[in-house]
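Working notes for the structure below.
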Amino acid sequence: MKQGAGLYVWPSGESYEGSFYKDYRHGNGIYSWPDGSRFTGKFYLNRKESYGVQLCADGTVFKGLYHADEHFGPGVVTYPDGRQDVGFWHRQHLIQLCSCLEGGFTITAFPEYSLTNENGPHEKLLGASHSSLPTPYQDVVPDESFVLPVGIQRYSTDSDHLPLPQGMRQDLDRHFFRVQSLDAHPELEDFRDWPLQEVITGLVPSFRFEADGLDWDVAAVLSKSREGFGPKGPLETMSEQLIREASLGNARSVWRFLCDGNVHPNVGDALGHTALMAAVVNCHSDVIHLLLDRGADVNKPNSEGMTPLAICSVLHYPFHPEEVSPDEVLIHSEENESADQKDAAGEDIQHQISQDTEAGRDESTRVDSLLETQDINLESTSDVEPESPWCDEYSESLENISIEDKSEEDLNQTLVSFHIQVTEDVAQKMTETLCQPGLVQPVHVEEMIHKISPMKSVRCTRWAIITLLLKRGADPNACLVPMPVLFLAIKAGHVEAVRRLLDCGARADLPLPPEQNGLYPLHVAAGLCGDAAPKITELLLHALANPDAQAGDAHEIFEPDKNTDSFSQLNMLPQPAPPEGGRTALHIACQRQDDHNVRDVVSLLLSHKARTDLLWSGHSPLSLAIANGNELAVDVLLRGGADPNLVLSHRVGSALCANANITYEATCHPSKRAGMLQKLISAGANILVPVLVSEGRRCIVGTAVDYAHFAFQQDKRIAHTPYHALNPSERETFIARRHLLSLMGGFMRQAALTMERHQLEQEREQEQGLGTSSQKPLFKYCYQCGRSALVVLVPCTRCRHVFYCSSNCKMKAWDECHKDECVRVPGVHLSLPHKQLLDIPIKCQL
């Protein structure tokens with residue numbers, strides 16, 4: 001057995017001089033060939049490992065990192081004429097350059113997107129476990145005496161096929177690294193699921209101490225800086241030409257480079273921009289097919305973590321800068337895209353134009369941006385009516401819009417240069433309007449048509465490229481930058497793209513990072529406007545998306561509730577409320593304004609057993625629908641079994657309290673609240689459920705009626721101003737609020753009488769034959785307005801069985817109903833109204 005330092009010469013003339021360990025070439029050594037080639041470096045079990053120098057017979061010198069007897073990482077090839085190929089190597093191929101090419105795609109060119117992979121692939125690789133044992137048995141020390149036959153080292157050193165016991169591996173690592181604190185020697189099998197470039201990046205730190213003392217700049221190559229090296233070698237030059245030819249769409253040139261075999265099809269520049277990415281960006285489908293046929297990796301990411309599919313999707317679906325956070329899009333989507341957007345197309349166009357004017361754009365840029373940044377129908381339009389109602393309605397807003405001559409630079413701008421989102425319907429109507437005679441000059445209309453046609457072609461081509469990549473095996477889950485591709489398609493409302501991505505394996509359970517509130521695809525779909533919302537939601541649910549998945553926004557507060565601490569802090573509840581968490585898709589759908597598409601989304605979620613008792617910011621889906629005035633969603637939720645008596649936490653109280661909260665009138669007119677109250681009562685809402693109402697430091701248990709009256713008093717202007725001093729709109733609000741309070745008082749009286757009648761029936765059954773006894777009221781409340789807290793109740797002076805909070809309520813109740821009920825009968829223990837509870841139906845004036 002060869003052990004220690006020595007020289008060994010084979011009959012073929014090859015020789016090795018260096019360190020041996022247990023009959024292996026292991027450690028520092030020099031391996032020589034008869035033709036004059038020589039390798040100087042380190043070996044690990046007879047294989048070249050770590051940094052070394054390979055001298056070829058023709059004078060070419062390679063200095064770089066080896067792994068498993070192959071080039072694997074940073075390195076430099078120096079030719080006899082002084083040229084150098086610098087970069088990252090895999091076997092005999094240069095796979096990444098240290099120079100950047102012009103025109104390469106980078107996500108930094110899109111400020112509306114932010115990189116979300118702060119912990120990049122390098123950190124993920126370093127954190128990966130190198131142990132092949134299952135997790136429950138990692139601490140178990142195996143008996144290595146049964147791994148290999150006794151004395152096998154005497155007749156076999158086949159390290160390629162024999163297992164390597166853990167104890168022996170530790171001895172080999174100790175002898176190889178000469179440092180006790182280093183990690184175990186990495187194996188490629190530990191990273192077989194990682195992209196090649198990430199594997200190389202993860203293995204380099206294992207040999208960081210071996211780079212000290214080398215005569216070439218390893219740090220410069222690792223930082224992808226080519227300064228300080230010689231002229232570019234042939235491999236670098238051909239690799240750059242391959243990427244350029246692919247971006248130009250020269251299929252013949254690309255084929256010539258690939259057939260030569262010297263250039264790797266996955267070679268990329270310093271930013272990881274490959275030939276396939278260049279072809280994808282410029283929509284050259286023939287070059288894409290050619291590269292994929294020759295072995296290009298369709299899922300190879302660049303240095304920013306973006307795959308060709310993600311790059312094409314970002315270019316195909318441009319978004320507003322304010323849409324960086326999907327959370328903001330979902331919360332404020334009513335402000336940007338109202339539910340009746342299609343019915344008010346002219347107002348949207350005028351709003352777009354006014355925004356551009358404030359931004360300082362000229363009129364020509366306004367019209368171009370309006371036409372060039374929207375989703376135009378890919379199918380050709382025909383049979384346009386000569387007289388369009390939309391044209392007549394909004395022609396006046398277009399008469400003053402002129403189109404100035406554009407410079408060549410402006411005309412060459414791409415679709416992604418603009419950030420104005422217009423719906424497909426509005427865009428098509430705008431195009432039809434501009435084609436009508438008399439609106440603009442014919443030359444201007446012709447210019448518009450010439451600009452719209454190429455833009456349609458580009459959008460068609462990009463979608464064709466996305467389809468092509470998916471057919472050729474692109475993984476929709478391979479890229480998380482700036483977000484998974486499925487999110488981009490959902491946010492754009494592209495139903496066909498969502499269907500195609502799901503068919504290709506896109507995960508519907510993959511959330512955004514915590515920095516973007518951990519939203520799931522179903523959350524984004526539920527927040528969409530238009531007909532795409534229910535269609536995409538249905539696709540995701542059929543793909544087994546969890547309808548109860550909660551986002552990571554449990555810390556957020558419902559926007560209208562942020563300023564309501566002064567009068568509705570419900571920190572202590574009479575009954576325990578369900579635990580709170582992030583929003584579900586049902587919460588987001590119920591936050592939208594009243595719309596039939598929102599109703600369909602809610603119905604779909606309920607049909608897939610979405611829970612209605614999950615809370616976010618104290619709100620259930622039902623209370624959110626009430627707060628936003630979404631009557632259609634309220635109907636669907638109540639029919640779907642939502643509990644109107646669910647105890648809500650924080651500032652809400654209950655569904656009845658949410659209906660009476662004046663803070664939510666910004667999204668729902670007070671006149672609608674009466675109808676919702678009727679729906680809630682009909683669905684079984686109990687107005688007697690205790691609710692905490694706070695006034696300053698006092699916290700009193702009351703009912704939804706007390707909450708409603710207290711909320712009414714918070715608007716000092718309407719509550720405490722004489723009626724004749726209010727303006728017409730304030731009078732309308734005052735009347736609607738008073739009407740709601742009156743209805744709640746009537747329902748309160750009806751519920752209280754029903755409760756007392758039920759109690760009296762039970763007592764009569766239990767005490768039958770024992771005579772009558774003095775009966776006190778079960779629940780004290782104002783017989784007129786229904787208030788029971790924060791007021792002083794005075795009994796009726798005649799029957800002393802009902803109570804009033806004021807003389808005004810006493811007079812109203814007397815005139816409306818109590819006159820016929822109240823009887824002064826001295827000495828009678830049970831008043832007439834309560835005797836009648838057992839014999840006559842309840843009569844309540846509402």
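Using N, Cα and C of the backbone, Cβ positions are placed for all residues, glycine too.
Model, not experiment: these values are computed from the prediction.
The following features are taken from TrEMBL:
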- 335-350: compositional bias 'Basic and acidic residues' (COMPBIAS)
- 782-822: domain 'MYND-type' (DOMAIN)
- 335-364: region 'Disordered' (REGION)
- 271-303: repeat 'ANK' (REPEAT)
- 617-649: repeat 'ANK' (REPEAT)
Helix-strand-coil residue split for the repeat 'ANK' (617-649), DSSP-based: 16 helix, 1 strand, 16 coil
Residues of the parent chain within Cβ reach of the repeat 'ANK' (271-303), under 8 Å, 6 or more residues beyond its termini: 96, 100-101, 103-106, 195-197, 242-251, 254-255, 258, 265, 309, 311-312, 315, 458, 461-462, 464-465, 468-469, 472-475, 478-479
Three-state composition of the repeat 'ANK' (271-303), taking helix and strand from DSSP: 16 helix, 1 strand, 16 coil
For the domain 'MYND-type' (782-822), residues assigned helix / strand / coil by DSSP: 13 helix, 5 strand, 23 coil
